[in-house]
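What TrEMBL records for this protein:
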- 89-330: domain 'G-protein coupled receptors family 1 profile' (DOMAIN)
- 110-135: transmembrane segment (TRANSMEM)
- 141-162: transmembrane segment (TRANSMEM)
- 183-207: transmembrane segment (TRANSMEM)
- 227-246: transmembrane segment (TRANSMEM)
- 279-298: transmembrane segment (TRANSMEM)
- 310-332: transmembrane segment (TRANSMEM)
Amino acid sequence: MLQLKPRIIGSICYCPYLTGSIMSEEPPVSPSWLGPDPTAWASGGPMDNSTSLGMFPAKDSPLPPSQLPLLVNPWDIVLCSSGTLIACENALVVLVIWQNPALRAPMFLLIGSLALADLLAGLGLVLHFTCAYLLRSDSAQLLTVGLVVASFSASVFSLLAITIDRYLSLYYALTYNSERTAAFTYTMLVLLWGLSLCLGLLPVTGVNCLAEEATCSVVRPLTKNNIAVLSVSFLLLFGLMLQLYVQICKIVMRHAHQIALQHHFLAATPYYVTTRKGVSTLAIILGTFAACWMPFTVYSLIADYTYPPLYTYATLVPATYNSVINPVIYAFRNQEIQKALWLVCCGCVPTSVAHRARTPSDV
């Protein structure tokens with residue numbers, strides 16, 4: 001039997017049968033989120049450097065996955081850590097909304113949907129790390145890939161649904177709290193989760209690049225067509241959210257101006273101050289969303305599987321941070337959820353929280 005001795009290159013243990021080189025008769029193996037070259041994340045290897053959503057060894061590999069050497073990618077550790085933080089943070093939001101019967105308004109249902117989607121995304125990242133490095137099961141990793149895609153899709157769709165709900169609550173202020181609004185909210189929830197589930201099932205049902213490496217995108221095993229559909233959909237959703245937030249700003253400014261005129265206030269009154277805070281809040285919400293997802297979206301459209309995986313990780317990791325920031329922006333800033341959190345944590349509600357009035361900055 002041919003014995004292959006590993007040699008040390010820098011701080012990386014290099015073994016010929018683990019690389020994508022054709023110098024060895026052993027076929028390449030793809031650990032974790034990497035392409036066939038396991039050291040590509042550090043060296044930027046020459047070919048097939050797509051970031052892999054799983055350890056999918058070559059079909060003719062002489063070794064079963066359980067016997068392959070374990071090489072942990074530090075970027076995967078970062079993603080797993082992010083997933084753990086995401087899961088813990090959003091689990092708290094889901095628990096608070098679930099246990100508090102008062103939080104059943106359409107707005108809280110949508111915030112709960114966002115928290116649930118981010119919770120599942122965090123669990124998906126952790127489960128994928130477990131499947132890639134501990135279970136080392138191809139079928140299990142495909143399921144985790146589908147879970148990650150479906151969860152992040154549901155998260156983005158939930159953000160759009162929250163934007164629509166905020167716009168309707170201002171545009172139809174007098175009739176917003178009605179049965180029609182509740183029915184519309186449930187319809188949005190069913191549609192967004194149904195569409196997200198369909199997107200997540202694509203890699204599991206065979207729409208992947210495992211059979212043909214040339215069709216791989218920067219995120220393996222998603223195909224170039226699959227990632228292009230996801231990226232274009234994100235750009236369309238972002239454009240729609242931008243338009244809705246512009247309309248929300250106009251409505252808030254108009255309402256504040258009318259209130260100021262009725263009370264004979266000048267431009268420096270608290271009404272205008274809080275309105276400016278509201279506009280700033282909207283800018284932070286949209287800017288954070290774009291800063292987290294836009295780099296990965298644009299990169300996945302222009303790059304292919306031959307690009308170094310370092311670039312993919314550098315854009316994918318910030319995208320996951322959006323699920324860390326979402327509870328802070330949409331849940332923990334909400335007065336009712338703050339009260340519920342204080343009750344859960346210490347059994348009391350501070351006076352400053354209990355009597356804080358809602359202002360335009362809370363949009």
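Each residue's number is its place along the chain shown, starting with 1.
Backbone N, Cα and C define each Cβ position, glycine as well.
In this chain, the transmembrane segment (183-207) does not touch the transmembrane segment (310-332); fewer than three CB pairs sit within less than 8 A of each other, excluding pairs fewer than 6 residues apart. For the domain 'G-protein coupled receptors family 1 profile' (89-330), the model's average pLDDT works out to 87.
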